[in-house]
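Peer 1: Below are the features I grabbed from TrEMBL:
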type	residues	note
TRANSMEM	73-99	transmembrane segment
TRANSMEM	119-148	transmembrane segment
TRANSMEM	169-191	transmembrane segment
TRANSMEM	270-288	transmembrane segment
TRANSMEM	325-342	transmembrane segment
TRANSMEM	362-383	transmembrane segment
TRANSMEM	447-477	transmembrane segment
TRANSMEM	498-524	transmembrane segment
TRANSMEM	530-550	transmembrane segment
DOMAIN	694-755	domain 'CBS'
Amino acid sequence: MSTNSINGEANTDQESLITPLLSPRRSLINSTSQVAIVGANVCPIESLDYEIAENEFFKQDWRSRGKMQIFQYVFMKWLLCFLIGLIVSLIGFFNNLAVENIAGLKFVVTSNMMMANRFGMAFLVFSVSNLILTLFASIITAFIAPAAAGSGIPEVKAYLNGVDAPGIFSLRTLVIKIIGSISAVSSSLFVGKAGPMVHTGACVAALLGQGGSKRFKLTWRWLRFFKNDRDRRDLVTCGSAAGIAAAFRAPVGGVLFALEEMASWWRSALLWRAFFTTAVVAIVLRALIDVCLSGKCGLFGKGGLIMFDVYSESVTYHLIDVPPVLTLGVIGGILGSLYNFLLDKVLRIYNLINEKGVVYKILLACAISIFTSCLLFGLPWLASCQPCPSDASEACPTIGRSGNFKKFQCPPGQYNDLASLIFNTNDDSVRNLFSQDTNSEFQYSSILIYFVTCFFLSIFSYGIVAPAGLFIPVIVTGASYGRFVGMLVGSHSNLDHGLYAVLGAASFLGGSMRMTVSLCVIILELTNNLLLLPLIMLVLLTSKTVADAFNGNIYDLIMNAKGFPYLEAHTEPYMRQLTVGDVVRGPLQIFQGIEKVGKIVHVLRTTRHNGFPVIDEPPLSESPVLYGLILRAHLIELLKKKAFVPTPVPTGTGAFKLFFAGDFAKRGSGNGDKIEDLQFTEEEMEMFLDLHPFTNASPYTVAETMSLAKALILFREVGLRHLLVIPKISGRPPVVGILTRHDFMPAHILGLHPVLIKSRWKRLRIQAPRLFKLF
């Protein structure tokens, strides 16, 4: 087998694992942790087996299934989707309830001390509580589940593309993701819980789809149908949709988010199940919110679960409002691309700190927490106190944890507008920015200070070793400059300042995350204002178009930096100039149809390949011919059951008696058997294995003259792990090599053919001036 073409192996893919695959620079080390690009532990990334291994054993097992088993399979799909929706909605509600009460208690205690003019003690309580919460989140993440750090969206997106990084869907990761997200968000860091909810939903789906657990004595026979990567992929897609639906109470937006941003493969049947899953989430959350609105949830904030209700029957706009909206789109595109650029640079800087060890990761998180607390408590002192408006819709100054009129250090009858934004939870800050009929409540300087603070604190906070999302910080940042633009336009526009804040949030989301349809629907479901649909569509299209001229979306940048071998939907132009024979390399490890046990054991122990071509030679065939492909896991299972024969003769279907269908099912969370755990006697090493009944006799093959671009489209669309290359001319060996995910990575291709680098940059220099002429 080609040592340069086998994906996910320690020996052959070491270079691809320790460097960003899609970058010409090769100095960064990969890790499953979202903490920037931490290089302390290199993770063995592998590909997923979405292709069905159609061997004789599989065909016989499939033919033996009756109508009842088929009904069980279909019923279990829908039952698991229901359970995913139910569990994710309960987790989302619990997360929000915990954050609102923990953060609310902190702000109530601090505000009471402020009202008593005990400013020093108030700052001490505020900063120490934030530090303790951050320290707790970083410690449990760093020591228990490093894969739980960050948002988790890049990992889930890579998984749905066929990349399996170990530990990202374990039970340990799920628990730490929930607890760590609550602690991090409650600590007043500028992080969100929407991204972690996507990862949480994917974890729940992956754990339910593992087909049971022998360790916990959960081996229900029905669950064995889901012990394959294809069904787990569909469940994880539904889980990611449920995560967004639970985070924003946006069921339709959750489905569209999974379709537009997460999934690499989609079909109508999956659309139905994803929609059913998010519908369950919406119904359960609605029932739970009714309980909280009756006052039984402690300090749970008003306005529902992350619902920023800015509905208005009197929203009208004319052509005169279009230029400011377009301006918001352009600003969002520029700021979004700048945000992505700076975040990428900050993560690389954090890498230099994090690779020194766990202690440095925790110290970095604590330093960010102290810096954030100082800013949040100190900046409101720069704002002047404003007299309470006579027509205020709520008490002024605000008494309690939330509201538009925070008293902070102001005398009775006055409020601090900057404290109303910055000395608050992120959700309440968004509500204040989105609020209508508040055009005179915020000063220019306060909004500008708040925008700069949000912009940079969200960048600095994301790379710490704790669960941290980007959705809410991006919304807050965009809403702040959107409201500032609305204040500048003033009476020249018919739109309320709160509506400008909504459009600003949309523009920054489009400029940073580069989504359009899903973001549009999510914002509409968030704000409950369908009348803004045309303007939101316009601002999203504008911001995405502008930002695409500079760099990629934020999640793609993080995936590239982390070294995930993600296959894009499009092909690079230079791939049309190459054939698959130009990138496949030898030597090739091949097994005979009836192979000696000793050779199989030797190859498995000396290589890390996951697939091996099987050929037949005389006397089994007239000439050497490719019989098929056998997987490493299947070989280990054959060796484990010791289905040996003393002489090299075909065994036919008689070997099936030793096995059950579940024996060849893929273990969950990468818990497969290892060749190092098996022991054999000298006599057994001299025996033989008939590989024919267990070999996929119909693997995907391509001629060595096929263009690399065409092969990439086939590889990605079908969801392959191995693609066999066969010779164009007869008389040569039946297999030239094997293409895997690594062979389609630009870094690998350009490394083999450096001359393409010059032509690539020349073409970019020619196209760039034409591109910028469009703006």
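Keep in mind that glycine also has a Cβ here, set from the backbone N, Cα and C atoms.
The model shown is predicted, which means the values in this text are computed figures rather than measured ones.
Describe the structural context of each listed feature in the structure shown, including burial, neighbouring residues and relevant distances.
Peer 2: Within the chain carrying the transmembrane segment (73-99), a Cβ under 8 angstroms from the stretch's Cβ atoms is held by residues 178, 181-182, 185-186, 193, 197, 200-201, 204-205, 208-209, 222-223, 225-226, 231, 234-235, 238-239, 242-243, 245-247, 273-274, 276-281, 284-285, 288-289, 292, 297-298, 300, 305-306, 425, all 6 or more beyond its ends.
Within the chain carrying the transmembrane segment (119-148), a Cβ under 8 angstroms from the stretch's Cβ atoms is held by residues 31-35, 38, 41, 102, 106, 109-111, 113, 155, 165, 167-168, 170, 172-173, 175-177, 179-181, 183-184, 186-189, 199, 358, 361-362, 365-366, 368-370, 372-374, 376-377, 409, 464-467, all 6 or more beyond its ends.
Using a Cβ-Cβ cut-off under 8 Å and counting only residues 6 or more beyond its ends in the same chain, the transmembrane segment (169-191) has close neighbours at 91, 94-95, 98-99, 102-103, 106, 126, 129-131, 133-134, 136-137, 140-141, 144-145, 147-149, 152, 159, 197, 199-200, 202-204, 206-207, 236, 368-369, 372-373, 376, 425-426, 454, 457-458, 461-462, 464, 466-470, 472-473, 476, 669.
Beyond the ends of the transmembrane segment (325-342), by six or more residues, the same chain brings 455, 459, 474, 477-478, 481-482, 485, 500, 503-504, 506-513, 535, 538-547, 549-554, 557 to within a C-beta distance below 8 angstroms of the stretch.
Remote same-chain partners of the transmembrane segment (530-550), defined as residues 6 or more beyond its termini with a Cβ less than 8 Å from a stretch Cβ, comprise 312, 315, 317, 321-322, 325-326, 328-330, 332-334, 336-338, 340-341, 499, 502-503, 506-512, 514-516, 519-520, 523-524, 771-772, 774-775.
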Peer 1: What average pLDDT does the predicted model assign to the domain 'CBS' (694-755)?
Peer 2: 88
Peer 1: Which residue counts does DSSP give the domain 'CBS' (694-755) for helix, strand and coil?
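Peer 2: Split into helix, strand and coil, the domain 'CBS' (694-755) gives 24 helix, 12 strand, 26 coil.
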